[in-house]
Amino acid sequence: MGSKPPDRTFFGQPRGLVGLFFAEAWERFSYYGMRALLLFYMTDRILDGGLGIDSGSAKSMIAVYGSATYMAAILGGWISDRVLGDRRATLTGGVLIMCGHICLAIPAGAGALFASMIFIAGGTGLLKPTISSSVGDLYAADDPRRDSGFSIYYMGISVGAVAAPLVVGTVGQEYDYHLGFGIAAVGMALGLLVYVRSQHHLSPRSSAPKNPLRLSDAPRSRVITVSAGVAALIGAVAIAVATGVLDAGGIVDLISVVAIALPIAYFTVMLRSKRTTAAERARVRGYIPMFVAAVAFWCIQEQGATVIAQYADESTDLDAFGFAIPASWFQSVGSLVLIVLTPAFAVMWLRFDRSRRAPSTAHKFAVGLAIAGLSYLLLVVPAQHPGATNPLWLVGSLAVVTVGEMCLSPIGLSATTRLAPAAFATQTMGLWLSSNAAGQGIGAQLVKFYDAGSAAVYFGLLGLGAVVLAGILFAIAPLIRRQAERRESTEDASLAGAQR
Ligand code: PHE
C-alpha cells in the first residue's frame, strides 16, 4: 500500500513536516488573530472605527461563521479529491484567505466584512483539510511515526493560536482595527511563502486528485438536481433572513441542525458509494463511534470560548494575585499547555506505537473524552460556593481539558488519514473537521442552560455525560480495532489498488 515516504528526515520525522508545520501555524495565526478582533470591530461604535452592530447579533454571526468555516471543509475536501488535488487546493485556499483578510484591512464597512467572511470560510474550507491530509501523505500506511508527527503538526496550530490574539488583537484594539487585520493578511502571506518554498518535500500523492472527476461519471440530471437543491436552500435562507422570519436565534438553531445533519448525510454517502471497498466500509463503521466521541469532546472544549469565558468574567476573582487579570487571558492557557506538553506526548506516542502494548485509537479517544469530562467535574468544586473563585481552578480545568485534546485531536487527524476510504481521502478530513462544527452546534444549544447561579449543576451534568460516553467507547474499543484492522479481501484489494 502507498508509496515510500521521502527519505530525508527532520528529528526523525519526514522533512515535509517542517513546511506544513509553519504554513499551518501562520494560517492559524491569521485566523485566530482575526477572530480575536472581530467581535470588538463589529460591535464598536462607528465613530470609533467599528461597525456599530449590536452585541447579540454580532456573537451569533461570529458563531455561525465559525461553524460554516469548518463545514466548508467537506466541500473543500471534495474539490481536492475530485478536481484540484491537495497541493493546489491548499495554495488556492491560502490565497482566498489572504484576500479575505485584505478585505478587512481596507476600511470599507459591512460590505467588506461579508466579502471577507465568504473568502475566509471558502479558503479555510479548501486549505484546512488539504494541508492536514498532506501531513498524512508523508507517511506510509503502517508508519509508526504518524501519531507523533500529527502531534508535532498540531503544536504548530497552537503556536499560531497563542501568538495571534497578542499581536493582531493588541494592534487592532490599541491602534487601528484595519491595521490589525492587515497583520493577519501578512501572516497568511508568510504562510503561503513557507508553503511554496517547501512544497517539493511533500509526497507526490499530495499533487493529484485522489479520485479525479470525469464529467461522464455523474449523470447530468443528478448534477442539475443537486445544484438546484443547494441554490434553492441558500435562496430560502437568504429570503428568510432578509424578511426577518429568521432572526439571530433562528440562525443559530438552523446551524446547529445543519452541523449535525451534514456529517450524518456524509457518512451515509461514503458507506453507500460504489467506490468504497468492503474493508474500507468496515473501517468507516469503526470510525463512526470515534467521530461521535469527538463531537462530544469539541462540545466541551469549545465552550472554553463561551461558558468558561463567562465564568472567568463573572465568577472568578480576577484580582487574586494583586493585579487585574484580563479575563481574555484564559483563552491562551490551553495553547500554552499544549505547546509545553507536545514534545513529551510526541515521544510517548512513538514509544507506545513501537511497543507491542500500543493503545488503539479508540482507547486514546476514550481517554481524551474522559479527561474532558473530568475538567468539568473539577469545576463543580468551586462552582458550589457562591462568591469569586480562585483563578487557579480555571487554569487547572483548562490544562486538564488540553491534556484530553492531545489524546484526541492530533490522534483524530492521524486516524482520519489512515482510515479514510481512498476515493474520499481529503473529504474524510473535511468530515473530521466538521466534528468540531457539530460539537459547537450542540454547544450553542447547551450554553443556553448555563447561568452563574446553577453553574455547578451545569458542569456536573456535562462532565458526567462525557465520562459515561467515554466509558462506552472504552468498552467497545476492541470491536472498533477489529473493524479498523480489517484488510482488503483479494478483489477489494485490486479495486482499491486501481484507485490509489
Ligand atoms: N484548535 C483546533 C484548530 O484550529 C480546533 C479544531 C479542531 C478545528 C478540529 C477544527 C477541527 O485546528
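The backbone N, Cα and C atoms fix where each Cβ goes, and this holds for glycine too.
TrEMBL lists 62-79 (among others) with the feature transmembrane segment.
As annotated by TrEMBL, transmembrane segment applies to 91-120 (among others).
Panel annotation: around the transmembrane segment (152-171), residues 13, 17, 20-22, 24-34, 36-37, 132, 135, 179-181, 183-184, 187, 328, 331-332, 334-336, 338-339, 342, 346, 406, 409-410, 413 of the same chain, lying at least six beyond its termini, place a Cβ under 8 Å from a Cβ of the stretch. The feature transmembrane segment is assigned by TrEMBL to 152-171 (among others).
Sequence-distant neighbours of the transmembrane segment (177-196) (same chain, 6+ residues past either end, Cβ-Cβ under 8 Å): 19-20, 22-27, 29-31, 33-34, 37, 40-41, 44, 49-50, 90-91, 94-95, 97-98, 101-102, 104-107, 131, 160, 164, 167-169, 171. The transmembrane segment annotation in TrEMBL covers 177-196 (among others).
Per TrEMBL, transmembrane segment is recorded for 223-242 (among others).
Residues annotated as transmembrane segment in TrEMBL: 248-269 (among others). The list of residues near the transmembrane segment (248-269) in space but at least 6 beyond its ends in sequence, with Cβ under 8 angstroms from a Cβ of it, reads 56-57, 60-61, 63-64, 67-68, 71, 74, 237, 240-241, 284, 288, 291, 295, 427, 431, 434-435, 437-438, 440-442, 444-445.
Per TrEMBL, the feature transmembrane segment maps to 290-309 (among others). Listed by sequence, the residues of this chain that lie at least six past the ends of the transmembrane segment (290-309) yet keep a Cβ under 8 A from its Cβ atoms are 263, 267, 327-328, 330-331, 334, 361-362, 365-366, 368-369, 372-373, 375-376, 394, 397-398, 401, 404-405, 408-409, 412, 415, 431-432, 435-436, 438-440, 442-443, 446-447, 450, 458, 462, 465-466, 469-470, 473, 480.
Long-range contacts of the transmembrane segment (329-350) within the same chain, counting only residues at least 6 positions beyond its ends with a Cβ under 8 Å from a Cβ of the stretch, are 36, 144-145, 147-148, 151-152, 154-155, 158-159, 161-162, 165-166, 301, 304-305, 308-309, 312, 391, 394-395, 398-399, 401-403, 405-406, 410-411. Among the features that TrEMBL reports, transmembrane segment is placed at 329-350 (among others).
Residues 286, 289-290, 293-294, 296-297, 300-301, 311, 393-394, 396-398, 400-401, 403-409, 411-412, 455-456, 459-460, 462-467, 469-471, 473-474, 476-477, 480-481 of the same chain lie 6+ residues outside the transmembrane segment (362-381) yet bring a C-beta within less than 8 angstroms of a C-beta in it. The annotation transmembrane segment is assigned in TrEMBL to 362-381 (among others).
Outside the transmembrane segment (455-480) by six or more residues, the chain places 286, 289-290, 292-293, 296-297, 300, 307, 311, 315, 360-363, 365-367, 369-370, 372-380, 383-384, 446, 449 with a CB less than 8 A from a CB of the stretch. Marked as transmembrane segment by TrEMBL: 455-480 (among others).
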